[in-house]
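Per Swiss-Prot, the features are as follows:
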BINDING   41, 42, 43, 44, 45, 76, 114, 144  4-amino-2-methyl-5-(diphosphooxymethyl)pyrimidine binding site
BINDING   77, 96  Mg(2+) binding site
């Protein structure tokens with residue numbers, strides 16, 4: 001799939017480790033897809049995450065659901081899985097191997113890479129084949145146990161000024177700070193708990209759409 005930066009507008013990330021069980025995962029994903037997310041990243045990582053055949057079987061269900069709603073699907077740091085289920089994109093962190101090697105294996109997948117500061121961005125800025133950058137954490141987050149120190153709105157703004165890639169902000173983004181993030185002119189925001197722990201996903205996403 002050809003990447004378009006408008007995909008980054010309302011980016012939802014989730015794995016089974018973020019919710020009670022697989023049934024809850026699928027219920028939340030279905031609601032989020034119906035309610036207007038523009039991109040979904042399947043991220044199984046951390047304590048309690050699925051592996052092997054269980055991960056593959058759930059990923060196939062995720063692929064079917066995202067295809068039904070015409071929402072692009074990104075796989076986090078699992079190239080074999082991304083190709084096996086015909087995902088649309090792949091995402092890598094700073095510790096997920098060399099970007100050049102990952103891009104060589106990506107085929108027709110679009111590629112996202114995480115950075116948390118200007119130095120990390122400058123190291124990958126001129127690597128061909130990167131379609132967008134995930135910048136963060138913007139705020140403190142409990143969704144990722146290995147999260148780096150938050151860079152704040154000022155850190156995000158600085159990266160937006162120097163970057164020549166589309167940027168999606170991530171990390172600790174909730175309804176009460178979303179407007180501050182969007183005011184930087186960033187291409188989109190990526191969230192986990194803002195949707196996965198929402199008591200009303202449809203209302204949460206309607207509010208998000210109204211701010212953009």
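FYI, residue positions are counted from 1 along the chain as it appears here.
For all residues, glycine too, the Cβ spot is worked out from N, Cα and C.
Here the features listed in Swiss-Prot are painted onto the structure.
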residue	record	Cβ neighbours (10 Å)
41	4-amino-2-methyl-5-(diphosphooxymethyl)pyrimidine binding site	23
42	4-amino-2-methyl-5-(diphosphooxymethyl)pyrimidine binding site	26
43	4-amino-2-methyl-5-(diphosphooxymethyl)pyrimidine binding site	22
44	4-amino-2-methyl-5-(diphosphooxymethyl)pyrimidine binding site	23
45	4-amino-2-methyl-5-(diphosphooxymethyl)pyrimidine binding site	15
76	4-amino-2-methyl-5-(diphosphooxymethyl)pyrimidine binding site	21
77	Mg(2+) binding site	18
96	Mg(2+) binding site	16
114	4-amino-2-methyl-5-(diphosphooxymethyl)pyrimidine binding site	24
Euclidean distance between Cα atoms of residue 96 (Mg(2+) binding site) and residue 43 (4-amino-2-methyl-5-(diphosphooxymethyl)pyrimidine binding site), Å: 13
Separation of alpha carbons, residue 77 (Mg(2+) binding site) and residue 44 (4-amino-2-methyl-5-(diphosphooxymethyl)pyrimidine binding site) (Å): 9
For residue 41 (4-amino-2-methyl-5-(diphosphooxymethyl)pyrimidine binding site): DSSP state (helix, strand, coil): strand
Collapsed DSSP category at residue 114 (4-amino-2-methyl-5-(diphosphooxymethyl)pyrimidine binding site): strand
